[in-house]
Amino acid sequence: MRNSVIDSIKIVIFSAKINILMPLGPLAILVDKMSGSHGWVFFLSLLGIIPLAERLGYATEQLACFTGPIVGGLLNATFGNITELIISIYALKSGMIRVVQQSLLGSILSNMLLVLGCAFFSGGIVFYEKEQVFDMATASIDSGLLLMAVMGLLFPAVLHSTHTELHFGKSELALSRFSSCIMLVAYASYLAYQLKRQKNQYIPVEESMLPIFYRVLGETQTEEGSDDEEAPEISMWESIIWLSILTAWVSFLSEYLVNAIEGASASLKIPVAFISVILLPIVGNAAEHAGAVMFAMKDKLDISLGVAIGSSTQIAMFGIPFCVVAGWVMGRPMDLNFQLFETATLFITVLVVAFMVQDGTSNYLKGLMLVLCYLIVAASFFVHIDPSSIADKPPKPSH
């Protein structure tokens, strides 16, 4: 028993090089207790969450080896964006509704532009003599769902901006909650469709084992063309226990991260909008980012698209509506009014990506264009003043 525990700790904690960042989490808590420097607490906890997000993905994939592809797919859907959802719930609990909205929006933008762009670019560089291809049907379904999510976000924002609400301050919230329930139903239908499609498409079951997304960080893969299954490195119960421990640790550290956001914004002179939309999602998507790039370099672009666009669809159609419903239960007025600036950014991003994937091919130029689009978005949020955030309002000029 003792040897089994030691071996499990060695595999999970010491096998990936990125885990060198793990001690920064406890260090962030120590700095908070001793000095209360919000800038350092935010920076250290932000870096400390990166390896936890990667290990969560690893533990999920290990568990998927025992549950099979269908349940494994649902586990990936649940734990793939668990870091962003935990941070969002803590921010919602603290009444920081705009941080929740912007971090979820930023996760979609990061996956669609930065992660997908880097995957297209790196894959295009490695296979520069040919255009890589991917399944157009799945990409078009995801694009359609993302456009539906944009519709859900657009109407509350337009309703608020045009002052055409039937009951001011209430109709917008009621519409958001109704739309969120509809979006959750649509996402559940999408999952059912995908699982049925996967079941019909991949027979026998052994051939449909989910790829190990997160093992690309410092670990070896089986050789391409090998028909051997990926053998799990830890047992099923060890996977469940590690998932519980890592989720609890992410939850604990997220509280310090969220509480330090406004103080860090003031001390570092960085807008809260930039922190929420750009910095937080990059941390939450770090492991997915590496996975998407590595699989594109192995000419497995369907997996890269599943990581990038699939994760965006999950946040848009599940993460955001879930937070609206959670806010409803908690008595927080979380709605789908993401303000016109953010909603317009998302709308244009979805259109750009939809045009990029419509022909089912990719190359390094498409990837470069997506990454450059993300840099424009990042620069826009760096100079953007959020009208709803006190922390972002510029100081009044002295006379």
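From the backbone N, Cα and C atoms, a Cβ is placed for every residue, glycine too.
Taken from TrEMBL as is:
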TRANSMEM  12-31  transmembrane segment
TRANSMEM  37-58  transmembrane segment
DOMAIN    40-195  domain 'Sodium/calcium exchanger membrane region'
TRANSMEM  70-92  transmembrane segment
TRANSMEM  104-128  transmembrane segment
TRANSMEM  140-159  transmembrane segment
TRANSMEM  174-193  transmembrane segment
DOMAIN    239-381  domain 'Sodium/calcium exchanger membrane region'
TRANSMEM  240-258  transmembrane segment
TRANSMEM  270-295  transmembrane segment
TRANSMEM  307-330  transmembrane segment
TRANSMEM  336-357  transmembrane segment
TRANSMEM  364-385  transmembrane segment
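Residues 74, 77, 141, 145, 148-149, 152, 155-156, 159, 313-314, 317-318, 320-322, 324-325, 328, 334-337 of the same chain, all 6+ positions outside the transmembrane segment (174-193), place their C-beta atoms under 8 angstroms from a C-beta of that stretch. Among the recorded stretches 12-31, 140-159, 270-295, the one sharing the largest number of Cβ pairs closer than 8 Å with the transmembrane segment (240-258) is 12-31.
Just going by CB pairs under 8 A, the stretch in 12-31, 104-128, 140-159, 307-330 that sits most against the transmembrane segment (364-385) is 104-128. Note: the stretches the transmembrane segment (270-295) and the transmembrane segment (140-159) are not in contact (fewer than 3 CB pairs below 8 A, sequence gap of 6 or more).
For the domain 'Sodium/calcium exchanger membrane region' (239-381), DSSP puts the residue distribution at 121 helix, 2 strand, 20 coil. With a threshold of 8 Å between CB atoms, the same-chain residues lying at least 6 positions outside the transmembrane segment (336-357) that come near it are 101-102, 105, 108-109, 112-113, 116, 120, 134, 136, 139-140, 143, 146-147, 150, 152-161, 172, 175-176, 179-180, 277, 305, 309, 320, 324, 366, 369-370, 373, 377, 380, 384, 386-388.
Long-range contacts of the transmembrane segment (37-58) within the same chain, counting only residues at least 6 positions beyond its ends with a Cβ under 8 Å from a Cβ of the stretch, are 12-13, 16, 18-29, 31, 79-80, 82-83, 212-215, 217, 242-243, 246-247, 249-250, 253-254, 256-257, 259-264, 266-268, 275, 279-280, 283-284, 286-288, 290-291. Beyond its flanks by at least six residues, the transmembrane segment (307-330) meets 77, 80-81, 84-85, 88-89, 92-93, 97, 100-101, 104, 107-108, 111-112, 115-116, 119, 139, 142-143, 145-146, 148-149, 152-153, 176-177, 179-181, 183-184, 186-187, 190, 213, 285, 288, 291-292, 295, 336, 353, 357 of its own chain at Cβ-Cβ distances under 8 Å.
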